[in-house]
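All remarks here apply to the structure that follows.
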Amino acid sequence: GGCLPHNRFCNALSGPRCCSGLKCKELSIWDSRCL
């Protein structure tokens, strides 16, 4: 699963992740940033 085109987040089913470039990365739920 890649990044969703309309925002910076990944598919919700993949858990707390966000986009970094074209890849999904883990999202730090404490500071809401990509790790």
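A Cβ is built for glycine as well, from the same backbone N, Cα and C atoms used for every other residue.
The disulfide bond annotation in Swiss-Prot covers Cys3-Cys19 (among others).
What Swiss-Prot lists as site 'Critical for insecticidal activity' is Phe9 (among others), and the listing cites similarity to another entry.
A 10 Å cutoff on Cβ-Cβ distances gives Cys24 (disulfide bond) a total of 20 other Cβ atoms nearby, all chains included. Marked as disulfide bond by Swiss-Prot: Cys10-Cys24 (among others).
The feature disulfide bond is assigned by Swiss-Prot to Cys18-Cys34 (among others). In the three-state DSSP classification, Cys18 (disulfide bond) falls within a strand.
Positions annotated as site 'Critical for insecticidal activity' by Swiss-Prot: Ser28 (among others). Classification of Ser28 (site 'Critical for insecticidal activity') by DSSP places it within a strand.
Marked as site 'Critical for insecticidal activity' by Swiss-Prot: Arg33 (among others).
Swiss-Prot lists Leu35 with the feature leucine amide, giving experimental evidence as the kind of evidence.
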